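*Asks:* Not my notes, these are from Swiss-Prot:
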type	residues	note
TRANSIT	1-40	transit peptide
BINDING	Asn172, Leu173	S-adenosyl-L-methionine 2 binding site
BINDING	Lys181, Asn187	S-adenosyl-L-methionine 3 binding site
BINDING	Lys181	S-adenosyl-L-methionine 4 binding site
MOD_RES	Lys203	N6-(pyridoxal phosphate)lysine
Amino acid sequence: MASSCLFNASVSSLNPKQDPIRRHRSTSLLRHRPVVISCTADGNNIKAPIETAVKPPHRTEDNIRDEARRNRSNAVNPFSAKYVPFNAAPGSTESYSLDEIVYRSRSGGLLDVEHDMEALKRFDGAYWRDLFDSRVGKSTWPYGSGVWSKKEWVLPEIDDDDIVSAFEGNSNLFWAERFGKQFLGMNDLWVKHCGISHTGSFKDLGMTVLVSQVNRLRKMKRPVVGVGCASTGDTSAALSAYCASAGIPSIVFLPANKISMAQLVQPIANGAFVLSIDTDFDGCMKLIREITAELPIYLANSLNSLRLEGQKTAAIEILQQFDWQVPDWVIVPGGNLGNIYAFYKGFKMCQELGLVDRIPRMVCAQAANANPLYLHYKSGWKDFKPMTASTTFASAIQIGDPVSIDRAVYALKKCNGIVEEATEEELMDAMAQADSTGMFICPHTGVALTALFKLRNQGVIAPTDRTVVVSTAHGLKFTQSKIDYHSNAIPDMACRFSNPPVDVKADFGAVMDVLKSYLGSNTLTS
């Protein structure tokens, strides 16, 4: 049996408490870590260990890569993955090695990364839970990464030496206690801060996978001279950083005057070749696809399904942070729409492999100025119509013709999902409200929070539902929008929750008068 590969005392999990913090705390802190012994594909023990609880002492001349090489197992890897057409018809035999440079199926459709689920199923859910838990908080290469700690489910065949990682992932799952209670009447609201990452957005999760595979392809002498992407900001930041780390040239197509300066400076600082093009994201996307068809530049946009393999680990991580309890709702901002499918894929793999018994309902939240999925949903999933996106403060999702529309629709149908939208005023107000309770979120998270407000008001999400809002980028990338909001400088917007600074003379009496007015006349009485 596969479970014979896991040596671990049988300890029952503590019963969940009503207090969200107690429910959230991992019981793994109260038990011994497992010792994982390497197994053949049929579950029989073999001599060489994959991981052991006790490792040889660290040699001072080793870095973590050297140490990983020295401790490398000679065990046969039973896991594999390949490209297949997305949502292929039953009986389809079309497939491609991950070492091939291919982005579309023969019919022109999207590709997906398909894992050998039968090989993965030879090990039960308890095995995978304990293996993933045993890697948390470690510096062992490459498992200290929140992505590569799930390597067997991501790129199982890549050599550790080819991996390009900043130990991304492992991002904070924040209990939004005050915000939930004050504004929504909720006691179990969480924000998954994927923007607390190497380059400040969730795109790092996918880019570590894609650039690692490119690193492998280049070592195999495949024709890849660089990696290119079209971007609304965050993709280019992640691509340029990971390529710089590996010494791989990066080429970035950006829509002129449509991203924040904080986003623009990241690829420039990391040495990318940046083209500022007089078009929108959809125009940049069209150009990069045409260019990569003619030049040996590897395409890094989410048309490439490798990125979704890294992004799906955020879903697995949420379950792990809840000690493998499933939340009721997960709300994800959507632009190019790969991320909503990635989250679905992560949750679904956990269900299929026995780590959990169900998946959450998901919500995709769009800006009203760039809402083709929302309109498609409201039409009853009738014929999808691309649109020309208007300017939105949520610039990273200002996309009118999303590449992953089919993936998003598939995921939402499978999880009984919902699509909501947010106007500019709604998303900025939601961002300000969240910030006033101790967060510092991006406008895209404001879109997701607006969706939550609407679904709470409609009674769709109950006050006791455990709900996770996915925050996709760091608020520090979008400070100008916050400055404009709190300065009441946005035309035709009331900025109801603005908090502008108060000008006051450098005089003791003047300062005292202002403070008494703010705090109440009796507060400062001696």
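Every residue, even glycine, has its Cβ placed from backbone N, Cα and C.
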*Asks:* Ranked by the number of other Cβ atoms within 10 Å of their own Cβ, which of the recorded positions Lys181, Lys203 ranks first?
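*Replies:* The largest 10 Å Cβ neighbour count belongs to Lys203.
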*Asks:* What's the CA to CA span in angstrom from Lys181 (S-adenosyl-L-methionine 3 binding site) over to Leu173 (S-adenosyl-L-methionine 2 binding site)?
*Replies:* 17
*Asks:* Pop the Cα-Cα gap between Lys203 (N6-(pyridoxal phosphate)lysine) and Asn187 (S-adenosyl-L-methionine 3 binding site) into the table, whole Å please.
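*Replies:* Computed Cα spacing between Asn187 (S-adenosyl-L-methionine 3 binding site) and Lys203 (N6-(pyridoxal phosphate)lysine) is 29 Å.
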*Asks:* For Leu173 (S-adenosyl-L-methionine 2 binding site), which DSSP three-state class applies?
*Replies:* strand
*Asks:* Using Cα coordinates, what distance in whole Å links Lys203 (N6-(pyridoxal phosphate)lysine) and Asn172 (S-adenosyl-L-methionine 2 binding site)?
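*Replies:* Spelling it out, the Cα of Lys203 (N6-(pyridoxal phosphate)lysine) and the Cα of Asn172 (S-adenosyl-L-methionine 2 binding site) are 16 Å apart.
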*Asks:* Can you see whether DSSP assigns Asn187 (S-adenosyl-L-methionine 3 binding site) to helix, strand or coil?
*Replies:* coil
